[in-house]
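Below is one structure, written out as structure tokens, with a few remarks after it.
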Amino acid sequence: WNAANLLICFVQSMTRGHFTVKCTYFLILYRAFTFGLTFLLYTSFHLSRKPISIVKSELHKNCSHVMEAPSESSSSQQPVLHPELDCSWKPFDRNNYKQLLGAMDYSFLCAYAIGMYLSGIIGERLPIRLYLTVGMLTSGLFTCLFGLGYVYDVHSLGFYIFVQVANGLVQTTGWPSVVTCIGNWFGKGRRGLIMGLWNSHTSVGNILGSLIAGYYVSSNWGLSFIVPGVIIAAMGVICFLFLIEHPNDLKIASAQNSASSNQVVVVKSEAEPSAISFMGALRIPGVVEFSLCLLFAKLVSYTFLFWLPLYITKAAHLDAKKAGDLSTLFDVGGIVGGILAGVLSDKMGKRATTCAVMLLLAAPTVLIIWSDVCLVNGPYALITTAVSADLGTHKSLKGNARALSTVTAIIDGTGSVGAAVGPLLAGLLSAQGWDQVFYMLMTADFLALLVKLHLDNFKGDFLSI
């Protein structure tokens, strides 16, 4: 029981026992409420991930100090430059700072990728509401802990790596849970458009995270983490109070309330299907192929996510706040791309073909950052939402809806491998020039396209996905 169940009691009492007459309208309202609630829940996840990309340019700053030797004639002395004394945050004041920053990204994303494979399996066997709540509260804790490194003047690389790994693991509770929940509430009709709109929470979270982190980054970068950490923890409490995982949970609560009002209720007992195994999920047609496609698409998307603000700072010589604000255009492109992909896939009835066309257009435009993000984030959003939901309810499962979380975790977990490799390679290649990074992104776009073409050549039930 949570606040949503209490709401059912209130509505039933207000309708004087005629809750079943109002049930359809109430389900429609709560479906809209679930759409908005899960949107905000995952917005807070991305809001808490974004600060690290904004704070990077503050952790390593090219600001040499001008010092004067103390003497009586110092007024006539020329200032002595000490370029080795800068205002960077140790240990990121070294010459290999790009590799160190890349290692922080890699530690988070590698832990996220590994944890994602386990998260879906665990999520199928635990109540989603409790599983998601615990994940959000602990994620808030570790996000705040990173910011406290500034407050308590912590300069240990090991501390920041540990926080990133721990945060990466607990953040894996989010995606399988919210996709399973939204998949339970919405059928296949116009799923591409619905999921495209809903998946814009990723970009909205990134934009809000950029703005919040950018507001504090120059004065107190610790608050760039602490404020988002408090927000995601608060959303975890809201999740615990209001989230209902499945429409059937409303019906059960309604039946229990009717029984308590001395009404005769007959509840049909149905054996709950067992959760699918990891290998069983891999055997669903299309899961492996879409997972590999997402690997390359997410490599491109997360390289932009983690390195674009720093690139803008170095290339355009802007301060951290302005670079963070400008990088939000990346996420506006993500919103447009996700909705466009959803609409096109609904119209065409073929999600694989939609992904292939957008990836084909993405590779040549990688240097035009906004358009490339729009085209890459389209397939990224489509695969992680509508395609995952379609595969998780594939007819080969014979109505077993408990595969949705595992399928989502496998696809997003594989994609997260690319998300981990991309920023790491960007940290290594950027030392040789930013052109090398863009060549890597173009290669990843083409590889994603090749996987999609391989998928389209198969004959099978999943071609219409």
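Numbers here mean position along the shown chain, with the first residue as 1.
Any Cβ shown, glycine's included, is placed from N, Cα and C.
Automated prediction, rather than curation, is the source of TrEMBL annotations.
For reference, TrEMBL has these:
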type	residues	note
TRANSMEM	23-42	transmembrane segment
DOMAIN	24-460	domain 'Major facilitator superfamily (MFS) profile'
TRANSMEM	100-118	transmembrane segment
TRANSMEM	130-152	transmembrane segment
TRANSMEM	158-186	transmembrane segment
TRANSMEM	198-217	transmembrane segment
TRANSMEM	223-244	transmembrane segment
TRANSMEM	287-308	transmembrane segment
TRANSMEM	328-345	transmembrane segment
Take a look at 23-42, 100-118, 130-152, 223-244 and tell me which one has the most Cβ pairs under 8 Å to the transmembrane segment (198-217).
223-244
Integer average pLDDT (0 to 100) for the domain 'Major facilitator superfamily (MFS) profile' (24-460):
76
Report, as numbers and ranges, every residue of the chain located at least six residues beyond the transmembrane segment (100-118) whose Cβ falls under 8 Å of a Cβ in that stretch; write 'none' if there are none.
49, 52, 56, 59-60, 91-92, 94, 157, 160-161, 164-172, 175-176, 278, 302, 306, 310, 409-410, 412-414, 416-417, 419-420, 423-424, 426-428
